[in-house]
Amino acid sequence: MSEKGRLFTSESVTEGHPDKICDAISDSVLDALLAADPRSRVAVETLVTTGQVHVVGEVTTSAKEAFADITNTVRARILEIGYDSSDKGFDGATCGVNIGIGAQSPDIAQGVDTAHEARVEGAADPLDSQGAGDQGLMFGYAINATPELMPLPIALAHRLSRRLTEVRKNGVLPYLRPDGKTQVTIAYEDNVPVRLDTVVISTQHAADIDLEKTLDPDIREKVLNTVLDDLAHETLDASTVRVLVNPTGKFVLGGPMGDAGLTGRKIIVDTYGGWARHGGGAFSGKDPSKVDRSAAYAMRWVAKNVVAAGLAERVEVQVAYAIGKAAPVGLFVETFGTETEDPVKIEKAIGEVFDLRPGAIIRDLNLLRPIYAPTAAYGHFGRTDVELPWEQLDKVDDLKRAI
């Protein structure tokens, strides 16, 4: 253990990071298709590099106009992020956009459209007719460390990234560019966050900016201090924090010109910042028939309601599926010794209150809607800036009654 205590670190990135551009494009294409045809089956992957965007994957949809307009959807999202000039290293209006999308495999579709329960076992329940789109395991987590019931390091890192984008877009720091990263290291004592140890903020900027005289003080005042004042965490001492702004020096060459980007390469940023486990599946570009996405959302919904109901101070839940089967093959609940009720009772109550078949998750969270583009940056969980159905605390009373 360090003399400074147990140190835990999480990172976030801005929407202009190359990987996040790809997540945003994939989810914008998904939303456009779902808006026109809620039953669209979508698995879209994006790659960006200098001057080019490649969008590939599998789509089955009746939304012919939206499908034909994918190129314009791609350009619009890039411009919205802020890449609108070659001076910034990328321009959504002039970059090359290559589309290579085919249809969903009929072998996969048969298991999703007619699950094993209906096809082989003769189940009559309509919710037994939709099978999982793949095998896999998904985790959800919640902890009472923040109002949004998220681990503090990732919650703070996301707030810093959102603030970086906010001061760029609203003109407070107009010399900032879209690409950026944040990292937060917090000291813990007995699982309580006690001290903000280190904050790293790296941001792309215009070429003529003086790092020491302008960028460093501006980031401290307009980004870090604003976020810390808003956070006002009761146990966290930030008085001795070490702040590193652009520790490599200048950061002019960024975005796709600085690094190639791919959909699904920021899965820890997307979830719990490494504080909780991850099943390995990415989210962006996937319609909710893919349990990688919908079941991970459902598990966050479960975990958040368990903590909000006072059944545990923190909880991690895992669910697992077999491709083509509706019912989960496994459910695991871990309360880390913080439970206020018997963990066996908590697991039983979860099974009674939440229907974790894919069709039921889609129904209960109303997932066949164009709600995914805002999740492509700043995390899918614990969001305070957008309303997401898996963040609702609508099962607290049901869990209490079930216990």
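Cβ from N, Cα, C; glycine included.
Since the structure is predicted, the reported quantities are computational estimates derived from the model, not experimental observations.
As recorded in Swiss-Prot, the features of this protein are as follows:
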BINDING   His17, Asp179, Gly180, Lys181, Lys250, Phe251, Asp259, Arg265, Lys266, Ala282, Lys286  ATP binding site
BINDING   Asp19  Mg(2+) binding site
BINDING   Glu45  K(+) binding site
BINDING   Glu58, Gln104, Asp259, Lys290  L-methionine binding site
REGION    104-114  region 'Flexible loop'
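Per the record's binding annotation for ATP, residues His17, Asp179, Gly180, Lys181, Lys250, Phe251, Asp259, Arg265, Lys266, Ala282, Lys286 show a top Cα-Cα distance of 36 Å. Between the CA atoms of Asp259 (ATP binding site) and Glu58 (L-methionine binding site) there is a gap of 26 Å, rounded to the nearest whole number. The binding-site residues close to Asp19 (Mg(2+) binding site), defined as a CA atom within 10 A of its CA, are Lys266 out of Glu45, Glu58, Gln104, Lys266, Lys286. Mapped onto three states, the DSSP output places Asp19 (Mg(2+) binding site) in helix. On a Cα basis, Lys266 (ATP binding site) lies 18 Å away from Lys290 (L-methionine binding site). For Glu58 (L-methionine binding site), the binding-site residues whose C-alpha atoms fall inside a 10 Å radius of its own C-alpha are Glu45, out of His17, Glu45, Gly180, Lys250, Lys266. Counting only the Cα atoms, the space from the residue listed as 'K(+) binding site' to Lys286 (ATP binding site) is about 9 angstrom.
Mapped onto DSSP helix, strand and coil, the region 'Flexible loop' (104-114) counts 8 helix, 0 strand, 3 coil. Site extent for L-methionine: the farthest pair of Cα atoms among Glu58, Gln104, Asp259, Lys290 sits 30 Å apart. Least crowded of the binding-site residues (His17, Lys250, Lys266, Lys286, Lys290), judged by neighbouring Cβ atoms within 10 Å of its own Cβ: Lys250. Annotation for Gly180 (ATP binding site): same-chain Cβ neighbours under 8 Å, separated by at least 6 residues, are Val13, Thr14, Gly16, His17, Ser161, Leu164, Thr165, Ile201, Ser202, Thr203, Gln204. The shortest Cα-Cα distance between Gln104 (L-methionine binding site) and any of the binding-site residues Lys250, Lys266, Lys286 is the one to Lys286. The Cβ neighbour count for Gln104 (L-methionine binding site), using a 10 Å radius and every protein chain shown, is 20.
Taking all protein chains in view, 21 other C-beta atoms sit within 10 angstroms of the C-beta of the residue listed as 'Mg(2+) binding site'.
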